[in-house]
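Reading through the structure tokens given below for one structure.
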């Protein structure tokens, strides 16, 4: 049987895209490895830092918490702003800038530790915070962009597992380096990991894009920065449902019971169980993170396969509460509660795949930024409460009860979230609702199968792609397109569209619920969500923001 025109080119392109997606996953795993390694440097070297800096035990608790509070203070608003910038300008350049800030911050922190000057160390943690949490937002946006549907949870799980691997390696390796050499050497080792991650990602974040475009990269047009950023952010938030903000509250409570506990776990375990063996305490505190390395991808795959995202959130909240209640009690070993916490913290991964279901696709990065802001808010306020309770009770009973109650609060917020909004399957209608609110020209009547037709989009008359001209078409000229109505009562079918006809479609018109009324679109100044037909079955979807076109990949119409 003769092959269809352009089938060989499409097969090659799809194979190239699959390779690019897995390259993206590999490099994105390394993006945050060094970041998470250095984030918990103070915790893994808790008592060693106190002895090295010569600070009394009475005031060290508050000063130790400053290492984490100053890290999180910039991230009360910065990830939200970074999320909007990612929606506008993409991820490549910002990934390199943010990973460079992480490396610089750890370098300053190591210099301060070498000189035993606490203010310099705090400055280093601030710079580290400027890049660290925003880097997590960029990583999440990158993964969500390339993986969707039944692969999203698994892909996010892989990246989170690698991040936890950085935490575990730090907990194990930093005390060993300190014992063999000195504390500054352990801090500089973290700087080395960060530098290696930056060098690895310099070519990595660019290569997949080059694979898909065959070297032809479209530069941003001058209209990209015309709209003020704050206007864009506020318009993004108007499209978020109440369920999304309830999810943010659950994220605050659950993450506030995990990371702040890890920050104090070394000191807590040494005080209560391992006073004679600090290295054993660091091994014990690594149990939840070590479990998460293996459990997060498995749980992500199970969520992709069977669903039940909210059930995992509810279960993780109650399990965390149980684990902290046991740690507050008089037990002979903390291993069982730490194992429970390991299962529970691994299930919190279910938060991230909920986000694409709750907000329009065009605003994913902004949504990830808001969730990251909520997480960092918990990293600021929860450690302050922990420091106050720790000074009142050196046996950590009140601290553990506080974590337990906060975990249960997170479980109840997850229940409220489930009641507020049942998660529908992801579809284009979410972006449709946003575009329907935008102003359009008056309605007019027309035949059901009339289309939005572009004068030239790079498609040849034989139905194949013109790789030299049509592969990258970002920053298209709206004036070069003549528009007529695009509508069908049951959705436009690809078979009704001649493969040789170049066409440009607005998604909200493809999925309109008004069969008797047709609207001619007014040129959209901010956002164009457009679909380009390639042949009778395949489409190529792109998001166009202020004239910058970005590929969304190939999919089959109607699936």
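Cβ atoms here come from the backbone N, Cα and C positions, even for glycine.
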Checklist entry - According to TrEMBL, which listed range is transmembrane segment: 167-185, 224-242, 243-261? => result 243-261
Checklist entry - When only pairs 6 or more apart in sequence are counted, do the transmembrane segment (59-81) and the transmembrane segment (281-303) reach 3 or more Cβ pairs under 8 Å? => result no
Checklist entry - Do any residues of this chain, six or more beyond the ends of the transmembrane segment (395-417), have a C-beta under 8 angstroms from a C-beta of it, and if so which? => result 243, 246-247, 249-250, 252-254, 256-257, 260-261, 264, 268, 271-272, 310, 313-318, 320-322, 324-325, 327-328, 344, 382, 385-386, 389
Checklist entry - Considering only Cβ pairs under 8 Å, which range in 93-111, 117-138, 243-261, 281-303, 310-329 makes the most contacts with the transmembrane segment (362-389)? => result 243-261
Checklist entry - Counting only residues 6+ away from its ends, which parts of the chain sit with a Cβ under 8 Å from the transmembrane segment (310-329)? => result 250, 253-254, 257-258, 261, 268, 299, 303, 336-338, 340-341, 343-351, 354, 396-397, 400-401, 403-405, 407-415, 417-418, 423
Checklist entry - Going along the chain, which residues at least six beyond the ends of the transmembrane segment (243-261) come within the CB cut-off of under 8 Å? => result 68, 288, 313, 316-317, 320, 324, 341, 345, 348, 351, 354-355, 358-359, 367, 370-371, 374-375, 377-379, 381-383, 386, 403-404, 406-407, 409-410, 413-414, 416-417, 420-421
